[in-house]
Amino acid sequence: MGNYKSRPTQTCSDEWKKKVSESYAIIIERLEDDLQIKENEFQELRHIFGSDEAFSEVSLNYRTERGLSLLHLCCACGGNKSHIRALMLKGLRPSRLTRNGFPALHLAVYKDSLELITSLLHSGADVQQAGYGGLTALHIAAIAGHPEAVEVLLQHGANVNVQDAVFFTPLHIAAYYGHEQVTSVLLKFGADVNVSGEVGDRPLHLASAKGFFNIVKLLVEGNKADVNAQDNEDHVPLHFCSRFGHHNIVSYLLQSDLEVQPHVINIYGDTPLHLACYNGNFEVAKEIVHVTGTESLTKENIFSETAFHSACTYGKNIDLVKFLLDQNAVNINHRGRDGHTGLHSACYHGHIRLVQFLLDNGADMNLVACDPSRSSGEKDEQTCLMWAYEKGHDAIVTLLKHYKRPQDELPCNEYSQPGGDGSYVSVPSPLGKIKSMTKEKADVLLLRAELPSRFHLQLSEIEFHEIIGSGSFGKVYKGRCRNKIVAIKRYRANTYCSKSDVDMFCREVSILCQLNHPCVVQFVGACLDDPSQFAIVTQYISGGSLFSLLHEQKRILDLQSKLIIAVDVAKGMEYLHSLTQPIIHRDLNSHNILLYEDGHAVVADFGESRFLQSLDEDNMTKQPGNLRWMAPEVFTQCTRYTIKADVFSYALCLWELLTGEIPFAHLKPAAAAADMAYHHIRPPIGYSIPKPISSLLMRGWNACPEGRPEFSEVVRKLEECLCNVELMSPASSNSSGSLSPSSSSDCLLSRGGPGRSHVAALRSRFELEYALNARSYTGWPQSVGTHTNPGLSLEEMNRGAQYSAVDKYGYVSDPMSPMHLHSRRNSGSFEDGN
């Protein structure tokens, strides 16, 4: 029994065929080299062969630097049969070789000059003469794919089964290169279809491996070729076409009248089904199972792998794994002779999407494998986690820990190994750290090369002022760069975090440098010289974040101002999603919506963003961004999410903007995400939210991503609401609390135009807006007790409300929101960390 961890990816015959391919490439290169005549020599030779007088005066001993005689040159430079005849009558030998090892006949055959070939043969050239690599003229004709030349040579006595230095016949070569017409001619002249090459490979093996269906049919027709012939590693043709995914050849060979043995094994114990699964050939595997039954499904190779294990080793075709699991003969927790499962195989090769799929479908991560190379008294039992750790697949280690126990049970970088000695493994693993460092260096070098020069900054160009924010990446400063007030996101080195800051930095810069939209934060440049100096510089947005405005400064905005912000954010997101390479933000929340002093908004912070095409495995394995605003499909990691995940987050931001409350403020972020994902709970929609917007909200946070609207539709509907804001405002009955019709029609003008709301101006209307909202609900005694006058102070309004307008956390809430009733019964946390 072999050790799975030492399973070779290439067989001995693979290595041999690679050498054979290289040798034939060298032969072709040498032939081309002989036929490349220098320009000055070529003109002289054209004159010699174009003039009888010049030809008669030329010396028979004439040779080029590459050793070509006049006979060779006649084949290379446009000579004719009379020149050939004359030169040979004068005693020039046709057997003379060039320095590259070829006689004149080989050059004539390679150039497919039938006239010269015939003339040389009639004048005494040896049709069986071997040149470089033991190749005869017939081999050269087969390599070049010249069927007429092949026929002429065979008519003049060439041995149809002659073998070269690697024991390939012309039929081997024709099958290898896919020359169908040459194959037909060779078969017509009696070529042996079952002759073996150096490693026992027949022409049928070669054609099956290369996928030349018509040649396979030519070889098999009339029961000429042995369809069950084995090479030195016991491969049959079905092994090769299954391995390389040639479905049409597999179907042809599995015809009942050909009597192919579909469950035959090679010296490694692999059936054709094993090889199809090792290479992710779903259609081939399905064909084999449907036509031949399930016998191959239960066979183990010498590395303790069934076909299911093989599919997990390949790991990139989950549909194939699903198909195999649907067969009654397959158990997801089947253990090979060494104890390893399909989950072990997937973990060892770093297939994180497959690992998650297997775990979700009942794979047992606590089953252990043993090292077969150890004696029975030295058991080294290892779970799949240890296999992943050994290969440096730290993301899989973290994922397995997540499935093993709640996230907060152990420190984030430790995991107790079950089935082992109880020791802890830390993340990153040694190999994982090396992989990460190598990838990071490559990413930085690539970014430096691709980033336009105008975005390259030196740290000396930046003037740092006060700190305006911080995060796991480092700190954000206000500063000055190139005569602009800017925000500087300064990264710090973090060697203990499994999530690479360098990776995040490179991704964010590569995305920001391609963005240009008034509703997306403007990129100024980045410092790339050294990881210790990494910094991203963007425009400074003076109004701060929407989160700060709503929940720290506790400002109340009128409906028009809210809609202006909502439209701007939707426009920014629409831009991201409509790019040639669409970008998914993945972290859209009120922290990352920044406000100008004029009340407009931009989308910011692209540290978690990805180009949609590059999501691949990362798409399934990360929970990017803030849990409280996370789409269910992202939180559950149950499917490949799309740009519609951003629409869900936007809907929560819109609700937050309209109500002034944090979504599920009574819950921790993870609990809020779990409630939305698993219990389909959504924030309550109060009467203060206009009906057109409430309808948009419900569609935006639809559990099914396909049911959510595109941002283009969101923009259109919100702009309609903005133009009709007077008709939707709860306070529209009192003109003192709303904008004039003319100003509401200005809402679609370009930024900075007249009639714009100003965040600073809104602060003076804070108490008035609250009073207007409270007055509009005086008919609802359950919600509001004492009537509140517009001129009352914040403290007086708090005392006058049955349910506090400003709670103990300092948040102002919609008095009609059902969240009040819930929050009074639940004490919760406003912590918004991941």
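Every residue, even glycine, has its Cβ placed from backbone N, Cα and C.
As the structure is a computational prediction, the values presented were derived from the model and not from experiment.
Copied over from Swiss-Prot:
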type	residues	note
ACT_SITE	D587	active site, proton acceptor
COILED	21-49	coiled coil
LIPID	G2	N-myristoyl glycine
REGION	815-834	region 'Disordered'
REPEAT	66-96	repeat 'ANK 1'
REPEAT	100-129	repeat 'ANK 2'
REPEAT	133-162	repeat 'ANK 3'
REPEAT	166-195	repeat 'ANK 4'
REPEAT	199-229	repeat 'ANK 5'
REPEAT	233-262	repeat 'ANK 6'
REPEAT	268-297	repeat 'ANK 7'
REPEAT	303-334	repeat 'ANK 8'
REPEAT	338-367	repeat 'ANK 9'
REPEAT	380-409	repeat 'ANK 10'
- Query: Which whole-number mean pLDDT does the model give the repeat 'ANK 8' (303-334)?
  - Reply: 95
- Task: Going by DSSP, give the three-state secondary structure for the residue listed as 'active site, proton acceptor'.
- Result: coil
- Task: Test the contact criterion for the repeat 'ANK 8' (303-334) and the repeat 'ANK 7' (268-297): 3 or more CB pairs under 8 Å, pairs 6 or more apart in sequence, then answer yes or no.
- Result: yes
- Note on the structure: Other same-chain positions with a Cβ less than 8 Å from the repeat 'ANK 9' (338-367) and lying at least 6 residues past its termini are 1, 3-5, 304-305, 308-313, 315-316, 318, 321, 325, 332, 381, 383-385, 387-388, 390-391, 393, 395-396, 399-400, 403-404, 418-419, 617, 620-621, 637-638
- For the repeat 'ANK 1' (66-96), sequence-distant contacts whose Cβ falls under 8 Å of one of its Cβ atoms, 6 or more beyond its ends: 33-35, 37, 42, 45-46, 49-50, 55, 58, 60, 102-105, 107-108, 111, 113, 115-116, 118-120, 123-126, 129
